[in-house]
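Enquirer: First the structure, which I've put down as structure tokens, then a few questions once you've had a look.
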Amino acid sequence: MSGRNSNSGLLEPSEDKRKGGVPVKPLELDDVLTNELGQFGRYQLINILMVSFPIITCAFTQEYIFSAAAIAHRCRITECGEDSKSNLFDPGWILNAIPPANSNSGFSSCSRFQSQGNGTLDYCPADLFTTTTTDCNEQYVYARDNSVVYDFNLGCKDWLRALPGTLSNIGNLLSLPITGYFSDRFGRRFSLVINAFNLGLIGLIRAFSMNYPMYLALHVLQTTLGGGTYSTVYIFATEFVGPRYRVATSAYCSSMFALGQVVVGAVAWVIQPWRYMLIALHIPCFLVVSYYWLLSDSVRWQLSKGKFAEAKASLETVARVNKKQISEKSMNALLNPPTLPPNTEGGDKVNLIKAVFKSRVLLGRVCTTPIWWVTITFVYYGLSINSVGLSDTVYLNYIFTAAVEIPGFVTASLLLGKIGRKPTLTGGYFFSAACNIAFIFIPQDLSTLRLVLFLLGKFGISMVVTSLYLFTTELYPTQYRHSLLGFSSMVGRIGAITAPLTPVLAVYWHGIPSAMFAGMAILSGILVLTQPETLGTKLPDTLEEAEAIGSPESMRDHKS
């Protein structure tokens, strides 16, 4: 999943305006939404429904789970007349030429007996082979042909086959600063259209890859130039809803991404040739280009860039659609913000590292929150990728694993405001860990029970996905919040980059991936307990307020 960003208000508190020596906080857009325009009216509803489609397309880059999926293969026996990787996979004589698999079920994928004679496709007896084994010498026969593995002859190259997922997530990491620049410089709408266009165009070109290096290069290029679609749309969706609805909006965005994964599984099931699947998935992405004319840009961005004429028109449109009114006083306050003291922003950046090491509390959080983010991306993506190996019902397994995220997101959004952030997060981590540990010891023949435990593990980590963004935001002061949240999210991409490699480890022992998921989840669940509960506390503006979280002074008058 890609990093998320949102702004909590138009401007930070300023001391330029004073009344009787007391700093006066300028009017923020959140105040206008809460008191005048409505925190979630018809305008916000239309806006969120429209951006649902781009969110769904964000999941299309995960098609590598199917296009580069492992397929059954064996050595090609040229001495018996086999001259193609599409020869009959299991002729009657195959066990004469290839040793049984280690599981004594089927035959080996990557070894064969040495030959001492020649046979034919119809007759290839055991006495033509010795008992000495050798490797396949990169000559394979495959059980099916609808995979990158078949087209580019990747049999027995599991680590190389796992690269698309790793490179895709490296591209997502590289996309964060690129998307951030375009979004802040040219607006959310422009960034959305460019990312979606690149996502569709490069994905379409990738369907015509001539070789595996080209396929890999286009994978990392696609996510680097188009992977910012989710973060842009997330900001678009959350920047104009009131504070009361931000958690629900976040859960909705996550649910749409899960729906996108369901779409990927369904399309891959119906259109199994991987090149046609890529074409079918990416052509609809070009529809998002029309959003440049259908959507208005973010009011927060317009105000922050001094585009006050456009901002005024947008605010008036919101008021009309929501059947509300914005007072002239509020409009003037938003369109005439106070000037911030010079060099404030630059000073904040310079002092960030110094502040982290000076504050023991802040340093502890900076060392802790990135581990939470590494864990959620590692376990979240790892479970999705490993789901296709649960049984022969590859497509259904993936669809179920994606769909179970939605109740996880909804459950988290309901629990966060009732039992608190820490119980929700710790409960999600520990529950997922318990399910992964239990999964290791369930026999292979109990496929239904294995699937249920696997889905429950994904449900648990999905609860964490919705909760973690909010909790991390509430732990850091306004002055450093965006930088430290971005740092945690960026480090968290390590988990997404390494997750695609976990299915390869199952070759050595089937329980390695599940054990790794459980271990990381337990570690993060324990680390959550080291931080204070933020439910009912004021969002800290200063370092002192952040350090005081959990004390009576940090409590708000109302619950979030």
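Every residue, even glycine, has its Cβ placed from backbone N, Cα and C.
Per TrEMBL, the features are:
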REGION    1-23  region 'Disordered'
DOMAIN    123-536  domain 'Major facilitator superfamily (MFS) profile'
TRANSMEM  190-208  transmembrane segment
TRANSMEM  214-237  transmembrane segment
TRANSMEM  249-271  transmembrane segment
TRANSMEM  277-295  transmembrane segment
TRANSMEM  362-383  transmembrane segment
TRANSMEM  395-417  transmembrane segment
TRANSMEM  424-442  transmembrane segment
TRANSMEM  448-471  transmembrane segment
TRANSMEM  483-501  transmembrane segment
TRANSMEM  507-529  transmembrane segment
Enquirer: Give the one range among 214-237, 249-271, 424-442, 507-529 whose Cβ atoms make the most pairs under 8 Å with those of the transmembrane segment (395-417).
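Expert: If we count Cβ pairs closer than 8 Å to the transmembrane segment (395-417), 249-271 scores highest.
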Enquirer: With a Cβ cut-off under 8 Å, give me the same-chain residues at least six positions beyond the ends of the transmembrane segment (277-295) that come close to it.
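Expert: Beyond its ends, the transmembrane segment (277-295) has Cβ neighbours at 47, 50-51, 53-54, 57, 60, 63, 66-67, 189-190, 192-193, 196-197, 199-201, 203-204, 206-207, 236, 264, 267-268, 271.
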Enquirer: Test of understanding: applying the rule of at least three C-beta pairs under 8 Å (pairs 6 or more apart in sequence), is the transmembrane segment (249-271) touching the transmembrane segment (507-529)?
Expert: no
Enquirer: Between the stretches 249-271, 448-471, 483-501, which wins on the count of C-beta pairs under 8 angstroms to the transmembrane segment (362-383)?
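Expert: Between the candidates 249-271, 448-471, 483-501, the best contact partner of the transmembrane segment (362-383) is 483-501.
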Enquirer: Short question: which residues 6 or more past the ends of the transmembrane segment (448-471) have a Cβ under 8 Å from it?
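Expert: Residues 1, 4, 246-247, 250-251, 254, 258, 372-373, 375-376, 379-380, 383-384, 387, 390-391, 397, 400-401, 404-409, 411-413, 415-416, 421-422, 424-425, 427-433, 435-436, 438-439, 442, 517, 521, 528, 531, 534 contact the transmembrane segment (448-471) from elsewhere in the chain.
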